[in-house]
Each structure stands twice: as C-alpha cells, then as structure tokens.
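Q: Shown below is the structure under consideration.
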Amino acid sequence: MAADNTSSVTEFILAGLTNQPGLQLPLFFLFLGFYMVTVLGNLGLITLIGLNSHLHTPMYFFLFNLSFIDFSYSSAIIPKMLMSFVSKKNIISYTGCMTQLFFFCFFVVSECFILSAMAYDRYVAICKPLLYMVTMSPQVCLFLLVGVYGMGALAALAHTGNILFLTFCADNLVNHYMCDILPLLELSCNSSYMNNLVVFAVVAIDIGVPIVAIFLSYGFILSSIFHISSTEGRSKAFSTCGSHMIAVCLFFGSGIFAYLKPPSAVPLDQGKVCTVFYTIVVPMLNPLIYSLRNKDVKLAMKKTLGRITFS
C-alpha cells in the first residue's frame, strides 16, 4: 500500500553511521554519552537562565533559545541514530522520516538565524552601549525571535515539500543515520536538477543571509573595538564576542562543507561525518563554550548550587 499518491515506499531503513560490527557498540556508548552531555548542558543552561534574574537580559534571552534549539534538534536525531547501533534493521516509517526531516530542517535553520540575532545583539552592546536597552527592547527581541522561528518554518516547509513530491520506488535503504535531504534525493527514482536546485537555493539563503549579517555585525564591532583606547576595554569587548564566534565557526563551517558543494564533490560517507559534527558535536559544545567562558553563567551556577545546598 502506498504512503501517499507519489511513493510506493511505506518505510525506510536507515543504514546508520557505519556497517562495521566491531564499531557498533563502542559508537553506541560514545554517542549516548554525547547525547547525555547535550541534554544536561542545554537543559542546565535553560534552567540557570530561567532561575537567575540577573540573566534576564537580551543576550541571555537569545542564549536561552539557542539552548532550546540545540536540545530539540539533537533529540529529533540522536535517539533514532542510537537504534542503528543496536538493531539489525533501523526502520523508520515514511511519515516518521518526513517528520524527522521537517524538525531537523526547522531547528537547524532556526540555529543559523538565532546566531545572527546574537551577533546583532553583540553589535548593539559594543557599538551603541548607551542605547542598548532601548534598541534591544523586549518588543525588538520578540520580533527577532519570531523572525528566527519563521525562517526555520519556511525552510522546513520548502525542503520537506521538495522531498514529498519525489517518488521512491523499490530501494528504501537511506545511506545515513537520519532522514537528511541529500541521501533522500539520491535514493529517489525521479529526483531532478530542479529538486537539487531548490535544496541549493534554500540552503544558500539560510546560510548566506545569517553569515552576511554576522560578518557585518563583527565588522562594525572590530572597528569599534580598535577605537577603544584602554587595553582592558578592548579585552572585555573581545571576551564578550569570543564564545559566540567559536560557536559560529563550528556550526557554519561544518554546515557549508556538508551542503554547499555538489554531491559529487563530497561523497555521502564524508557528508555523514560533517553532519555528525553540526548535529551532535556542536549542540553538545555550545553550552560548554558559553558557560566555561562566561563569568555571569558561572556566578549563576554558584548561586543556584548554593540555594540547593542551603535548602
């Protein structure tokens, strides 16, 4: 029976990260550890920001949402990925595959735009400090957040709609550990130049627009920093941007390598490694980057632990 009018496939088999039996169990425990650190780190940061009033500022409002996005899209991918290490056939239904694809695209694109919103926040804080609370008012922050999730939803609809129009005939083995765009395009028996063009155009916009916004923000920030006369002032300005720049380089670097090259230039097995980096490693590292380098977060952690110990 068909999953819909265009496809004869009702379920897919996810090939997983590797087909080497000796690596399955070690990789299961490795990625289970990654996922536990991701969940604890991001939910911990969300809790700290929620409980400590001195962190109720625009910067931490965006960091709160970054942690929510990281937690959400790693949770949409890793539990199913772990199944591929311990089961002979990791089966996902056609509907489940399209649902995973939608939420993966939604949260990944939302992360692109939340990082650009955070760059704009740092630009206002450093270049227009006296107008910061007026420029980054609650209304402006909410407007930026609606834009972040709005762009995520549009991209997810575009990518999922593009895949839904494809036909999947006999072969249902997806050469990946999740339902990603490029492996599904390769598996389809009627994917065309136009389908690939849609993917490239949407990805170029969703990576290109945030990168331009981030580069412009940091161009103005660097110009402003070089006009600061004191060494201490420059050091403080650089430290407020350091964590964000590390997160940006890790996320966009791996994303660009995975998607903005012709499929022939990057074999799918290499693409899988890139995907591991920005879907699993980056969401795990973000809370560590922001907490280990941030005095306010360390202070909030001490206060919260102090309250728990006292009670």
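Every residue gets a Cβ built from N, Cα and C, even glycine.
Those TrEMBL annotations? Automatic predictions, nothing curated.
Pulled from TrEMBL, these are the listed features:
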type	residues	note
DOMAIN	41-290	domain 'G-protein coupled receptors family 1 profile'
TRANSMEM	27-48	transmembrane segment
TRANSMEM	60-78	transmembrane segment
TRANSMEM	98-120	transmembrane segment
TRANSMEM	140-158	transmembrane segment
TRANSMEM	197-225	transmembrane segment
TRANSMEM	237-260	transmembrane segment
TRANSMEM	275-292	transmembrane segment
Q: Hey, which bits of the same chain come close to the transmembrane segment (60-78), Cβ under 8 Å, at least six residues off its ends?
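A: For the transmembrane segment (60-78), the list is 31, 34-35, 38-39, 41-43, 45-46, 49-50, 100, 103-104, 106-108, 110-111, 114-115, 117-118, 121, 141, 144-145, 148, 177-178, 247, 279-280, 282-284, 286-287, 290, 296.
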Q: Mean pLDDT across the domain 'G-protein coupled receptors family 1 profile' (41-290), rounded to an integer, is what?
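A: Per the prediction, mean pLDDT sits at 86 for the domain 'G-protein coupled receptors family 1 profile' (41-290).
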